[in-house]
Amino acid sequence: MTAAPTTVGGVAPQTVTRSGFELFWLRFKEDRAALLGAGTIGVLIVIAIFGGPIASAVTGHPNTEQYQQIMQDSFGLPKGPTSAFWFGSDGEARDLFVRTMYGARTSLIVGVVASGIAVLIGLVVGMIAGFYRGIVDTILSRTGDVMLAMPQLLISIGIVAACSSNKNGCVIAGPIAIQPGLALVIAVIVIFSWPYIARLVRGFTLSIREKEFVEASRSLGASDTRIIFREILPNLSGPIIVYTTLLIPQSILFEAALSYLGLGVPPDTASWGGLLNDAQRYYDTAWWLMFFPGLFLVITTLAFNLLGDGLRDALDVRAER
Amino acid sequence: MLLYLARRLLWTILVVLVVMFVTFLVFFKLPNGDPALRFAGKSPTTASLAEIHKRLHLDKPFYVEYGYFVKNFAVGDDQGWPGLGYSYGNYVSVRSEILERAPRTLFLVAGAATLWLIFGVAIGVLSAVKRRTWIDRVAMGFALFGISAPVFWLGLMSLFVVWKKLGLTGGSGYVPLSDGIGAWFSHMILPWTVLALLYIAIYARLTRNNLLETLGEDYIRTARAKGLSERTVIFKHGLRASLSPIATIFGLDIALLVGGAIITESVFNIQGLGWLAFNGAITQDLPSVLGVVICTATAVAVMNLVVDVVYAFLDPRVRYA
């Protein structure tokens with residue numbers, strides 16, 4: 001087992017010093033699934049930015065224009081794909097292709113913004129709880145536990161339904177009010193996602209703060225703030241990157257689920273979940289209405305999950321118990 | 001053991017009370033508009049509104065009303081114990097409403113849970129044993145698809161393909177057992193499969209990871225060195241230890257679906273507890289929502305206890321003192 005280092009022809013084996021990023025990249029570039037995920041996400045970002053307007057320009061069909069004359073039959077049912085309407089029409093006789101392209105924007109905005117805010121809150125709470133421990137930890141962790149024990153979808157439905165019944169949204173406290181629409185959906189996702197991140201960050205912080213380099217830094221007279229920002233935070237970057245990547249598809253699915261239940265973004269805003277809500281009404285006839293938006297939804301979440309799994313392997317992140 | 005149970009029970013009751021309180025707060029404080037208006041008929045008078053306010057305790061601050069609610073729940077109301085009050089929507093007793101809908105949800109969850117436990121664990125074991133072969137890759141690819149594909153999309157697509165196009169199963173809607181076991185089964189098979197798919201994916205990934213980790217332990221090497229067959233090593237030594245974490249989430253997953261299978265029940269129009277809660281949430285029918293939340297919370301508490309007992313059975317190191 002403990003063989004002496006072999007020397008071939010009297011030449012000692014070369015040891016190359018590699019930076020953390022080089023090590024990551026060496027592993028990551030071999031992971032074809034993860035690269036595929038990353039590439040797909042790149043394409044989706046392009047679609048989210050330019051896809052809607054380009055689709056409108058190519059087909060000549062504006063996003064919210066209704067084509068009752070051509071795209072609805074005499075019963076008012078939507079018609080399927082034609083050469084002019086590539087994906088057919090949605091429940092309101094709009095061009096489904098154009099709507100689906102615009103839907104990418106909604107999904108990615110909600111996914112990225114909600115995950116970003118949730119990670120930021122979770123990071124702060126988790127680091128404080130893990131670093132200071134004691135009563136602060138107990139309060140923050142128990143709050144998180146109770147949040148995770150909530151019937152999340154149900155409470156979200158309740159909040160969205162209550163806040164959407166009125167144009168001004170609902171007043172949380174004084175001037176802080178949540179307006180119905182995209183912001184409300186993002187807020188609801190954040191409320192139920194941050195405890196998950198906070199719990200993970202707390203676990204990592206607890207183990208990092210016991211490491212020798214933190215002790216060394218402390219013995220050099222570093223303040224708590226310096227230790228948190230210069231010693232602990234950089235070491236959290238791996239887990240943060242991985243779990244943000246894995247939280248994004250969850251957020252996208254949550255928005256889609258709310259929109260599917262008719263409670264997500266306003267009906268005029270194109271959203272894949274909203275289109276699937278339409279599909280629910282015509283589920284025994286209009287296959288295109290469920291197929292195309294759902295396909296884009298699955299490709300998107302699959303791409304983020306592939307990338308997240310790949311990043312986890314390449315960055316060697318494991319959840320601390 | 002008794003002390004342990006008592007402590008567990010107290011913590012559970014506390015969590016249930018907090019969850020109920022937050023639910024109460026969300027649904028009582030957030031909505032605009034007076035629930036009494038719904039009871040007061042077409043032309044409400046100030047007197048009749050005041051009378052309804054008094055009957056529903058709406059004239060008191062919310063914490064007093066919450067107190068009434070808990071008291072009613074603990075002591076019982078004119079419908080017997082536990083007192084859950086009347087729906088704001090149609091003034092039907094919430095208790096009878098829940099009793100009517102519970103069997104649908106329980107059948108749905110029980111069938112799906114059976115499927116996902118069997119297939120999830122089987123696929124996970126297969127994948128771990130055949131690690132890095134094409135079998136492993138196909139299985140994990142399938143699992144990744146399972147966690148990426150939203151239930152409402154799979155549900156709509158499966159209804160369209162399997163029921164509408166192929167005519168293999170019953171369509172949406174719930175058929176009670178009393179209408180014949182065949183009809184009941186043919187309407188349940190699609191919801192079971194679609195609901196189970198997500199969990200099969202999660203459990204397969206979890207089983208694979210746990211089993212691979214366990215198989216790397218020293219005692220597995222000892223077992224192999226003793227000359228035990230590979231089958232005994234994997235199933236008796238490896239799988240048993242890696243099943244403990246699965247038992248934990250299995251109990252919780254089942255419990256959360258009691259009242260949490262909102263999307264599945266909505267896609268297949270099953271109208272169980274999740275549907276009742278969803279309907280209550282969008283019509284701001286607080287008593288119905290609370291009734292279902294209590295069911296879910298109770299299920300979570302009971303399942304947690306069951307899991308603890310199963311734990312001791314699966315893992316001989318666990319003792320309760």
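Here the Cβ of each residue, glycine as well, is placed from N, Cα and C on the backbone.
Unlike curated records, TrEMBL annotations are generated automatically.
Look at TrEMBL and you will find A:33-55, A:108-132, A:144-162, A:182-201, A:240-265, A:285-308 tagged as transmembrane segment. Annotation source TrEMBL lists domain 'ABC transmembrane type-1' at A:104-308.
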Chain residues in Cβ proximity to the transmembrane segment (A:285-308) (below 8 Å; excluding those fewer than six residues from its ends, i.e. six or more beyond): 33-34, 36-38, 40-41, 44, 77-78, 80-81, 87-88, 90-91, 96-97, 99-100, 103-104, 107-108, 111, 242-243, 245-246, 248-249, 252-253, 256, 272-273, 275-276, 278-279
Report, as numbers and ranges, every residue of the chain located at least six residues beyond the transmembrane segment (A:144-162) whose Cβ falls under 8 Å of a Cβ in that stretch; write 'none' if there are none. 125, 170, 180, 184-185, 188-189, 191-192, 195-196, 198-199, 254, 257-258, 261, 263-264
What same-chain residues lie close to the transmembrane segment (A:108-132): Cβ under 8 Å, and 6 or more beyond its ends? 44-45, 48, 140-141, 144, 182, 185-186, 189-190, 193-206, 209, 224, 227-228, 232-233, 236, 240, 243-244, 247-252, 254-255, 265, 300, 304
